[in-house]
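Shown next, in structure tokens, is the structure this report addresses.
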Amino acid sequence: MTARLIDGKAAALSLREQVRVAAGTFAQAAGRRPGLATVLVGEDPASAVYVRSKIKATGEAGLESFHHKLDDATSEEDLLSLVADLNADERVDGILVQLPLPTQIDAAKVIDAISPDKDVDGFHALNAGRLATGLDALVPCTPLGCLKLLRAELGDLSGKNAVVIGRSNIVGKPMAMLLIGESATVTVAHSRTADLPGVVRQADIVVAAVGRPEMVKADWIKPGATVIDVGINRVLTDDGKGRLVGDVAFSEVSQVAGAITPVPGGVGPMTIACLLRNTLVAAHRRAGLTVPQEL
Ligand SMILES: Nc1nc(=O)c2c([nH]1)NC[C@@H]1CN(c3ccc(C(=O)N[C@@H](CCC(=O)O)C(=O)O)cc3)C=[N+]21
Ligand SMILES: [Mg+2]
């Protein structure tokens, strides 16, 4: 391996510590701790694991956490009514409704119902529009985490060629907006891109968010490029066990790249740290307090 390993776990721990300190200062000023409400509908085991680790991190950072676990058969009406209650609850600064939702519920409708001031996932159209137009937004946690890793690794991103692989509303599109905001030159590639390997080879920065295990190969990568792997794919191994792999073929790409994030231990932990960060930012804005610069 020749690439530098980008330690997302360490970066996430340090951001979580900054959040913990700032949450204490907030509590002194506001007379209450920042609050995050999590909503889990149904029994999907992977979702339950993620929500549990979010709740644990929330407590460790000194934030108040309000968890709502709803039955798999919950109606859209009942979920919308819970969201309305959380919107009205002064103790709640952030609302996270874990995705995916069961098929009887229209996720777009639920996201639209969350108060944009409490939308710590940054999925509401108002926050997407604010990000796209350069206004103060709540920014989706995964791309924000990627940007923080890129800034720590590379410093100034201006003039760099960045290729984002994937065009989802949750990762690809907001990632592109953030990189444009850093004055990078941004290409958004996806499953229909002609000569995808050739496009990716132009990149100083590659952000892979396609959801296809180990799709990005070594000969797609310009030597020395920085590679951020957003993928989290559970694959079966020969011994019948499961293993987590990213969207990047790590062992070969790490021979060519200048720096690379591992899976696990790369982007995933930063996603959770940024959720806490967004909750703290939302709390400050709602309380009319200045958001700490370092966050
Ligand atoms: N409304 C909503 N917001 C989300 O942000 C959201 C969501 N729904 N639904 C599911 C996805 C997935 N997600 C992850 C967060 C952290 C890790 C993470 O920390 N991963 C560890 C490994 C975890 C493991 O071992 O499974 C790592 O990459 O090192 C993974 C995935 C947030 N999501
Ligand atoms: Mg795609």
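Just so you know, glycine gets a Cβ as well, placed from its N, Cα and C.
Annotation comment: TrEMBL describes 6-121 as domain 'Tetrahydrofolate dehydrogenase/cyclohydrolase catalytic'.
As annotated by TrEMBL, domain 'Tetrahydrofolate dehydrogenase/cyclohydrolase NAD(P)-binding' applies to 140-286.
Taken from TrEMBL, the feature NADP(+) binding site covers Gly166, Arg167, Ser168, Ile232. If you take the C-beta of Arg167 (NADP(+) binding site) and look for same-chain residues 6 or more apart in sequence within under 8 angstroms, you find Lys173, Val188, His190.
Gly166, Arg167 are the binding-site residues among Gly166, Arg167, Ile232 whose C-beta comes within less than 6 Å of an atom of ligand 2, given in sequence order. Residues of the domain 'Tetrahydrofolate dehydrogenase/cyclohydrolase catalytic' (6-121) grouped by DSSP class, helix first, strand second and coil last, total 62 helix, 18 strand, 36 coil. With a cut-off of 6 Å between Cβ and the nearest atom of ligand 1, the binding-site residues Gly166, Arg167, Ser168 reduce to an empty set. Mean pLDDT for the domain 'Tetrahydrofolate dehydrogenase/cyclohydrolase catalytic' (6-121) in the predicted structure: 97.
Assigned with DSSP, the residues of the domain 'Tetrahydrofolate dehydrogenase/cyclohydrolase NAD(P)-binding' (140-286) fall into helix, strand and coil as follows: 56 helix, 30 strand, 61 coil.
Ser168 (NADP(+) binding site) has a Cβ environment of 17 other Cβ atoms inside 10 Å.
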